């Protein structure tokens, strides 16, 4: 068993969003970090020192979830504007829009093979999409309230979803049926996810609790109550030995799942923490909150190389899962209270790598309200006021500003205004058509259910009529017997 190395440490911070950071995800190669915000934008942060960040603009409302494709070629995002977008992380900032939900979309997730997407929405549905064909496939409709989160299992055979109906549901992707429901939560469930081996599913809720179930035995393994407010997000370490959680109490908690106890409480955000995410190898993790900044932390939990461990798990010939969570004792559900022995890490360290990166604006919705030569005129006036001499460092600042402005001008949209307004009108009409199709789909499902009920009732009625016709009538039998007896009397 690996030994503890040292406490987690704050490595860098990123500032560029203009609103609360709602979601985070690392790229598979660990070189980029994606974040979404209530400022309606998706940002791609390059983790190399002094590298530029890119802002993708296209959503018309707050971005609620973001995730990299397992192969890193696409980034998926969803928003309260009821749309899902697939971005190509390049200078063009191109995206494909998916529309089928009739309410805000709360989560988006890729399957392990990157062929499908699953989304959860306030319209009480879970929808599955084809990434290759860029189309909607089918809906899962058994939640009775808003659905907050949906995730594929690591092998893609199951989908876990949760929502305001206080339930966690497991769906079979082949039969499209709900095969299990965990309903022990005492409040709305905000987030759900599988561990890396796919043997357990965890869920966090507004009741500040975190629960972990074994989906093979359908039993509750662990129940943590370490936060004092709603848990917005959590993330499994790739080894399944640790778990991160982000809460409205302004802290990030680190739980040791093998020992079943809280080990770290991290303070760094000014306000609620809305999202946390481990990188694919577990060496670093990120957190985002209402203070509009992203903090990058170095894990320092363990000496084990988790990348090699994951490769060994992938090489296994048998599908037997790793024994981490199922070997925890006691096996009965037990609640973990906050312990005074956990380490409080309250770091106020500034960015140790570089200053805030330059942000390059992407997408067709970006415009300038000030011409590029306005600053040059102001600089000229200031130079004249100072006797014709520019202050020290002015040339360097002017070169940096011109470089940033040049990059921004490169990504301006070249479509005429009339064409853009026509395209916006078409998109709105398609949105209305999508909503209409969704309503018709629900009505058609309801009609089919009623028709099945009618057919069952009709078959039962026909069966009862057939049985009644086959039985002899007592009055007719009496008449026949009476007629026979009268004929016998006349013959005598």
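Counting begins at 1 with the first residue displayed.
Every residue, even glycine, has its Cβ placed from backbone N, Cα and C.
The repeat 'WD' feature in TrEMBL is assigned to 14-47 (among others). The residues of the repeat 'WD' (14-47), classed with DSSP into helix (H, G, I), strand (E, B) and coil, number 0 helix, 20 strand, 14 coil.
Sequence-distant contacts of the repeat 'WD' (56-87) (same chain, six or more residues past either end, CB-CB distance under 8 Å): 19, 22-29, 32, 34-44, 93-99, 101-110, 112-114, 117, 119, 121, 129, 131, 134, 361-366, 431. Taken from TrEMBL, the feature repeat 'WD' covers 56-87 (among others).
Listed by sequence, the residues of this chain that lie at least six past the ends of the repeat 'WD' (98-139) yet keep a Cβ under 8 A from its Cβ atoms are 61, 64-71, 74, 76-86, 145-152, 154-156, 159, 161, 163, 171, 173, 176, 430-431, 434-435, 437-439, 441. Taken from TrEMBL, the feature repeat 'WD' covers 98-139 (among others).
The feature repeat 'WD' is assigned by TrEMBL to 140-181 (among others). Averaged across the repeat 'WD' (140-181), pLDDT in this predicted model comes to 95.
Taken from TrEMBL, the feature repeat 'WD' covers 182-223 (among others).
Summarising the annotation, TrEMBL assigns repeat 'WD' to 224-265 (among others).
Sequence-distant contacts of the repeat 'WD' (266-297) (same chain, six or more residues past either end, CB-CB distance under 8 Å): 8-15, 17-26, 28, 30, 33, 35, 37, 39, 45, 47, 229, 232-239, 242, 244-254, 305-307, 310, 344-348. Residues or ranges marked as repeat 'WD' by TrEMBL: 266-297 (among others).
The region 'Disordered' annotation in TrEMBL covers 316-340 (among others).
What TrEMBL records for 363-404 (among others) is region 'Disordered'.
Marked as compositional bias 'Low complexity' by TrEMBL: 380-394.
Per TrEMBL, region 'Disordered' is recorded for 464-492 (among others).
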